[in-house]
Structure formats: C-alpha cells, structure tokens
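Q: I grabbed these lines from Swiss-Prot:
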| type | residues | note |
| --- | --- | --- |
| ACT_SITE | Ser166 | active site, proton donor |
| ACT_SITE | Tyr180 | active site, proton donor |
| ACT_SITE | Lys184 | active site, lowers pKa of active site Tyr |
| BINDING | Val37, Tyr180, Lys184, Thr215 | NADP(+) binding site |
Amino acid sequence: MSKFEAFLRPTQTYHSRTYDRISKHHNFNGTGKTILVTGGSSGVGYSICQAFAEADVARIAIVSRSPGPQAAAKAALEAAHPAVQIVTYAASITDHARMAAILAELGPVDVLVLCAAVVHRQVPATAITAAEMQAAFDVNVLAPFHLVQAYLATTTAGTKTVIHVSSAAAQSRSPFRAGYGPSKAAATQVMQHFAAERASPALRVFSFHPGAFYTPSVAEHYAPDSTGWEDINLPAHFARWLAGPESGFLNGRYLWAHWDVDELIALRDRVERDSSFLTIGLVV
C-alpha cells in the first residue's frame with residue numbers, strides 16, 4: 001500500500017491503478033487538438049503523452065532538456081501512433097523567452113500540461129544550499145507562472161486547459177524537502193489565482209498530485225522498497241479526463257489522480273458552493 005493512501009480525501013474510493021472510467025470512458029475528444037507537455041520525455045510526463053496519443057489528438061509537443069530521452073520518446077510515440085504528429089523542443093522551461101517562442105511557433109494549443117519539475121537532495125533544511133532552493137522555485141514556480149502567462153496571451157478557438165502536475169508535498173510537511181514541498185504549494189496557489197481570475201469559462205486550470213512511481217528520477221532519491229509504488233497510467237488517464245468536458249466544475253481545484261472521478265462529480269454542488277473546497281489553504 002502506498003503511504004499516500006492514509007491521507008484524508010474527499011472520496012471513499014482510492015485508486016492506485018488506472019480504471020475503466022478514465023482509461024476507456026473518459027469522454028475526451030482529441031480530434032484536431034494540440035497538447036503541449038513540459039517534461040514529457042520520461043516518467044509521468046511521457047505517460048501523459050501516451051494517454052493523449054491514445055485519444056488520437058492531432059499533435060503532441062514535448063519540451064524537455066535531454067535530447068536522448070526526448071528522441072526515444074518521439075520514436076516510441078510515432079511507432080505506436082503514426083497518425084499523431086510528435087514535435088519536440090530541447091529547452092529548459094526556465095528560459096522564458098524560448099518557451100514563449102515555442103508557443104508562438106506551435107500556434108493554438110488546446111491543453112498545456114506542466115510536468116517538468118526539479119527535486120533537490122534529500123537533506124535537512126539546514127543543509128540545502130541557496131542555489132538548490134533557488135532552483136526549486138525557479139523551475140517549480142516561476143517557470144510555470146511565466147509559461148501560463150504566455151499561454152493565456154495566445155489565441156485559441158476553443159477552450160484552453162492548463163493541467164499542473166503538483167505533489168502531495170504541497171499539502172504536507174515532507175521530511176528533508178524544505179524546498180520541494182513549499183515550491184509545489186506555491187505553484188499550486190499560483191494556479192488557483194489564474195483559475196479564480198479567469199476572464200472566461202473557456203479557461204480551465206487544474207492541479208493534481210500524480211502518485212508514487214519508481215521512475216528514473218525517483219530512483220535518484222528513493223530505494224525500490226521505500227513505499228508501495230503505483231500505476232503510472234493512473235495520472236496519465238486522470239490528466240486526460242481533466243482535459244475532457246466533465247471536469248469543468250473543478251476549475252482551480254487541487255486534486256489527486258487517485259480520487260474516483262464519479263465520486264468527484266457527485267461532489268459538484270459542494271464544489272460550486274464552497275470556493276475554498278479542494279484548494280491549498282488553511283482549514284479550521
């Protein structure tokens with residue numbers, strides 16, 4: 001069992017693996033859509049690219065720093081989904097001018113997935129360097145902030161959807177993660193502001209905790225037996241469901257991929273009555 005299953009949640013059901021409701025009956029229509037995924041060449045980001053490719057979107061743009069994994073991701077996606085155009089950009093999301101240029105080159109983007117992140121060394125707060133703390137906030141907060149600003153300035157005929165891959169560390173004290181947890185909390189609150197201040201319902205912004213997966217980046221910080229690892233298809237299919245028509249009432253909310261979507265839909269009245277429900281903040 002994952003350590004995260006013990007956290008309080010608004011749904012009775014906790015999924016640790018994907019399920020038919022989001023894997024097969026997600027109601028997302030990918031026809032003609034362009035998806036931009038930062039950090040999309042590996043791990044959760046790559047699994048999200050796979051999920052959207054399965055929905056027959058027109059284009060998937062992957063932004064990541066490492067050319068090798070990026071080329072491998074492109075080749076694998078093209079082999080499995082030859083009708084989907086895969087475009088790649090080797091760039092750091094902290095290069096704000098470059099990211100704005102990528103958006104301009106792509107043209108209309110229907111779904112922006114913010115998955116790129118940095119995790120510092122697992123050390124006490126007294127041992128984290130100023131450079132590590134700065135990097136956590138540069139990559140995890142400022143880069144998504146600038147990218148969403150640039151995205152909102154672009155023109156899209158339909159709905160714009162921002163999906164921010166957050167972390168349970170945003171809502172809890174994660175030992176030896178004094179930079180990572182606060183940076184993810186800050187980014188999630190920034191997304192809540194974009195959602196609350198939106199000029200039109202044609203913009204939807206979501207943040208969600210993806211789960212625990214033994215990816216190469218996670219292996220740099222955790223042992224294989226440190227927790228119960230989960231199905232990486234779960235956050236991918238949940239992200240795709242968020243991009244569909246059923247999730248609009250959850251605009252601005254912080255969610256978990258593990259929460260059953262039909263049970264979330266059953267909470268719609270409460271969500272619409274209480275603007276603070278399912279957000280990062282103080283509950284008394």
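Using N, Cα and C of the backbone, Cβ positions are placed for all residues, glycine too.
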Q: Applying a 10 Å Cβ distance cut-off over all chains shown, what neighbour count does Thr215 (NADP(+) binding site) have?
A: 16
Q: Cβ distance under 8 Å to Ser166 (active site, proton donor), same chain, sequence separation 6 or more: which residues?
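A: Result: Lys184, Ala187, Thr188, Met191, Ser207, Phe208, His209, Tyr254.
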Q: Using a 10 Å cut-off on CB atoms, tell me which of the recorded positions Val37, Tyr180, Lys184 is the least crowded.
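A: Output over recorded positions Val37, Tyr180, Lys184: least Cβ neighbours within 10 Å is Tyr180.
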Q: Whole-number Å distance between the CA of Val37 (NADP(+) binding site) and the CA of Tyr180 (active site, proton donor)?
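A: Val37 (NADP(+) binding site) and Tyr180 (active site, proton donor) have their Cα atoms 21 Å apart.
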Q: For the C-alpha pair, I'd like the distance in angstrom between Thr215 (NADP(+) binding site) and Tyr180 (active site, proton donor), rounded off.
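A: Roughly 17 Å, rounded to the nearest whole number.
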